[in-house]
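Database features (TrEMBL):
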SIGNAL    1-22  signal peptide
DOMAIN    1-363  domain 'Major facilitator superfamily (MFS) profile'
TRANSMEM  32-50  transmembrane segment
TRANSMEM  71-94  transmembrane segment
TRANSMEM  106-125  transmembrane segment
TRANSMEM  183-204  transmembrane segment
TRANSMEM  216-237  transmembrane segment
TRANSMEM  244-265  transmembrane segment
TRANSMEM  277-298  transmembrane segment
TRANSMEM  310-333  transmembrane segment
TRANSMEM  339-357  transmembrane segment
Amino acid sequence: YGRKKALVFSLFCMSIPTVALGLLPTYAQVGGWSTVLLIICRMMQGFSVGGQLPSTLVYTLERRPKEHWGYYGSFVNLAANFGVILGNLVGALIRQLVTPEQLLQWGWRVAFLSGIAILPVAFYLKLCGKEHHPNEGHYDDENELVSHDEDGEDIAGLSESQRKHPLGEAVKRENWPALLSSILVPMLYGGGYYLSVVWMAIFMSELIEPPVPGSFWVNLGANVFGLTLTSFFTGWLSDRVGRVKLMSFGAISTGIVAPIMVWLISESGGKVAEALVAQLCLTFFFSFYCGPFCAWLVERFPVNIRLTSVSLGFNIGICISSGFSPALATWLVKFSPPSPGFIFTAFSVLGLLGMFISTKVYTDGGIDEEDDASEGKLTVEDDLSTALL
């Protein structure tokens with residue numbers, strides 16, 4: 001159906017239930033229906049997130065020069081992190097402006113109602129954005145896909161099965177290595193991000209003694225300067241030195257330093273400077289993995305099954321890593337405060353394994369420097385052992 005339609009649909013599916021959360025009736029007003037409505041809204045949000053990042057990645061990169069996919073992929077990282085940062089700041093601002101009683105009564109609704117800001121973006125993209133389904137035809141003046149020539153031949157040389165059943169094509173045996181790779185590699189990206197940016201604030205404020213004062217601001221500073229801005233640089237750098245080299249360095253260094261940095265935070269004695277330096281060090285090395293990741297993932301699959309395959313692998317990997325790692329980390333703290341750092345190490349090993357499994361690189365669907373439609377291109381990366389040299 002096209003990249004734009006998938007992206008617009010996911011944006012609407014995020015903004016509408018987010019605003020609806022801010023308008024939910026209370027339990028006193030409708031009883032148990034308030035809980036049912038809450039679950040429905042949250043499920044719609046989760047559904048939209050599952051499609052939003054993959055469709056954004058594919059839509060963005062395929063409309064940019066393939067020689068700069070790392071650079072433009074880092075913009076997607078930047079935007080996602082900016083959203084997390086903005087959400088944290090809005091939450092902090094609301095807590096500062098209202099009393100605890102007001103926060104429980106109505107203040108919590110304000111943050112959800114701000115989700116209406118997504119709607120203008122969705123409408124703009126729907127009305128003004130160009131549909132893009134590369135190498136499967138071209139779009140006429142009415143933005144309708146033209147997939148066959150005057151003689152009825154398929155322009156891209158695709159079979160009816162390849163056009164109409166991308167999921168079936170994506171799970172074929174020849175695509176299994178790339179799919180497995182796209183499940184393993186995002187585990188460090190998603191699980192590592194959640195642990196280093198979201199869970200770490202809880203760790204510093206509630207799970208160690210003495211707690212780190214201002215853990216919210218320590219965590220925010222590490223996210224901005226250690227991860228977000230540095231990932232932008234490493235994404236750009238990957239266009240010059242290669243994705244696998246940078247991501248391998250990021251995975252190995254993160255796996256080594258994470259247990260040490262978590263130990264330093266737990267032993268900081270509540271000192272802000274020590275906790276900040278440790279978290280900055282962790283996020284800095286982690287950024288070498290995150291920056292090139294978006295481009296690496298999109299390059300795993302040929303254009304006709306790219307979005308389906310990226311969505312399938314990415315969401316399975318993120319579901320496993322981000323879904324279970326916070327609870328596992330909190331449980332491990334009971335035995336030894338530094339032990340959650342070894343979760344990073346485990347994800348790093350899985351990420352390296354994933355990069356070793358899949359070495360094919362597809363850059364079809366991008367555009368060349370002269371903005372012409374690219375021809376399908378398949379290359380094979382150096383294997384992991386070569387990339388590390």
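Sequential numbering from 1, following the chain as shown.
Using the three backbone atoms N, Cα and C, a Cβ is placed for every residue, glycine included.
The average pLDDT for the domain 'Major facilitator superfamily (MFS) profile' (1-363) in the predicted structure is 83. Residues 84, 211-212, 215-216, 218-219, 222-223, 227, 247, 251, 254, 262, 265, 275, 279, 282-283, 286, 289-290, 293, 296-297, 313-314, 316-318, 320-322, 325-326, 329-330, 333, 340, 343-344, 347-348, 350-351, 353-355, 357 of the same chain sit 6 or more residues outside the transmembrane segment (183-204) yet have a Cβ under 8 Å from a Cβ within it.
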